[in-house]
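Asker: Below you will find the structure I want to go over with you.
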Amino acid sequence: MQLNSNEISELIRERIVNFNLESEARNEGTIVSVSDGIITIHGLADVMQGEMLELPNNRFALALNLERHSVGAVVMGPYADLSEGMKVKGTGRILEVPVGNGLLGRVVNTLGQPIDGKGAVSFDRMDPVEVIAPGVIDRKSVDQPIQTGYKAVDSMVPIGRGQRELIIGDRQTGKTAMAIDAIINQKELGVKCIYVAIGQKASTIANVVRKLEEHGALENTIVVVASASEAAALQYLAPYAGCTMGEYFRDRGEDALIVYDDLSKQAVAYRQISLLLKRPPGREAFPGDVFYLHSRLLERAARVNEEYVERFTNGEVKGKTGSLTALPIIETQAGDVSAFVPTNVISITDGQIFLQTQLFNSGLRPAVDPGISVSRVGGAAQTKVIKKLSGGIRTALAQYRELAAFAQFSSDLDEATRRQLDHGEKVTELMKQKQYAPMTVAEQALAIFAAEKGYLTDVALNQISRFEEELMAFGRTNAQPLLDKINQSGDYNDEIESELHSLLKEFTALQS
């Protein structure tokens, strides 16, 4: 088929008329190298630190190195099919995650996408993962307790709402168990919880989720997962994503608790990314800003004042303070708390609960070492009844440890020393507690009262656990109004003291 000159000119005229003159400005670059999840991009202009870069097949990378002629970015997800020459687009957005009440009861990944097979997540809004922590003027002092349900913690190292309390110890010393029990204990107290699992085995995380579900605490909890098999970038970002989800509740005048399990693995993931980006290594091969990595995260846990909440909610919530309490976990190697990351996090947080392998293996669980465990601000927040009753607990345990070491070299001890050793031994036994069995304030007060007022003197050491169980059952059956009164008010006065004495006298009379 041949076209004549008229037809050709008509086709050209039609093309000219229909030519699309619209232009689109796109910030686009080209991948010049891919290795170990790190891509180097040439040609991208106006990229922000931490910006989301769009890759083929609906994937994203995070811009971390902004150099004169190229951008170094870390891929969030699989990268095996990426190759040189592929196009990368700038989005102009910092990473955001979904937040809101709809996330409670769900298991999500670092990006807030559901991984529990329960369908799409309902959320209120998208918030950036990196935000500046509230300033000094916006904060309120910590003076309300957060109950972990552990006698050893609530009596000796109390935690307040808005505090950062580090849980530190070797592997297999009960760090995760303590954090999970603290979450389970919040289900009746109206505190929303976020559990961030970083670099853990998927089977371990599945077990934690199952336990939370069994104890009715999952519906009050958001579980954020960046398992060991996921990209280092997702493990590095997971704590920030979880913190943003927790800040949603804090900024609306509610109380939230977040557990980072654990920040050692986040630091290792960040070290991996930094070394691949060719940043200069420092002590233990960590980059120079590893302190800032954790400080900017943990400073976001705070108790904010009424004015901050009112300003944030545009006047919708008035006269309420909000709080985000953080329980970061750090794993030590052979009990070395002087390593780089542990010392960093100890200096950032408001105290630490040190779990010791030796105590754990000797059967003392939770294996809290009262010698170096401390709460720097929690004392002001401690429930009055526990504060007044537990004053002698730490002293008794410290003196017992000292005397026990001394008694090994001496057989003839005077009566006062024997009594002190006996009391310390029984208090140590009383501090033991089963997993997934958090205690109310009243139950803790009753147990500590029995120890402090000498009701354990005639109880054999191997009978302490049975004595405590039977005492709790007796109290729930015969003195529930008293326990309710202590739980509601948290006060301790002469009337409550005499009622506790009456209860224990009645109970010990039945035992004899």
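From the backbone N, Cα and C atoms, a Cβ is placed for every residue, glycine too.
For reference, Swiss-Prot lists these features for the protein:
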- Gly169, Asp170, Arg171, Gln172, Thr173, Gly174, Lys175, Thr176: ATP binding site (BINDING)
- Ser373: site 'Required for activity' (SITE)
Asker: Calculate the distance in Å between the alpha carbons (Cα) of Gln172 (ATP binding site) and Ser373 (site 'Required for activity'), and round it to a whole number.
Answerer: 18
Asker: Report the residues of the chain - excluding Gly169, Asp170, Arg171, Gln172, Thr173, Gly174, Lys175, Thr176 - with C-beta within 8 Å of the mean position of the site's C-beta atoms, for the recorded ATP site, in sequence order.
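Answerer: Close Cβ neighbours, site residues excluded: Glu331, Leu355, Thr357, Phe360.
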Asker: For the binding-site residues Thr173, Thr176, which one has its C-beta crowded by the most other C-beta atoms within 10 angstroms?
Answerer: Thr173
Asker: Looking only at C-alpha atoms, tell me how far Asp170 (ATP binding site) is from Ser373 (site 'Required for activity'), rounded to the nearest Å.
Answerer: 15
Asker: How many whole Å apart are the CA atoms of Thr176 (ATP binding site) and Ser373 (site 'Required for activity')?
Answerer: 17
Asker: Which one of the binding-site residues (Gly169, Gly174) has its C-beta surrounded by the most other C-beta atoms within 10 angstroms?
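Answerer: The residue with the densest Cβ neighbourhood is Gly169.
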Asker: For Gln172, Ser373, listed as recorded positions, tell me which one has the smallest number of other Cβ atoms within 10 Å.
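Answerer: Least crowded of the recorded positions Gln172, Ser373, by Cβ count within 10 Å, is Gln172.
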Asker: Round to a whole number and give the Cα-to-Cα distance in Å for the pair Lys175 (ATP binding site) and Ser373 (site 'Required for activity').
Answerer: 14
Asker: Taking the Cα atoms as reference points, how far is Gly174 (ATP binding site) from Ser373 (site 'Required for activity') in Å?
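Answerer: The Cα atom of Gly174 (ATP binding site) is 15 Å away from the Cα atom of Ser373 (site 'Required for activity').
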Asker: Which has the fewest other CB atoms in a 10 Å radius around its CB: Arg171, Lys175, the listed binding-site residues?
Answerer: Arg171
Asker: Applying a 10 Å Cβ distance cut-off over all chains shown, what neighbour count does Asp170 (ATP binding site) have?
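Answerer: There are 18 such Cβ atoms around Asp170 (ATP binding site).
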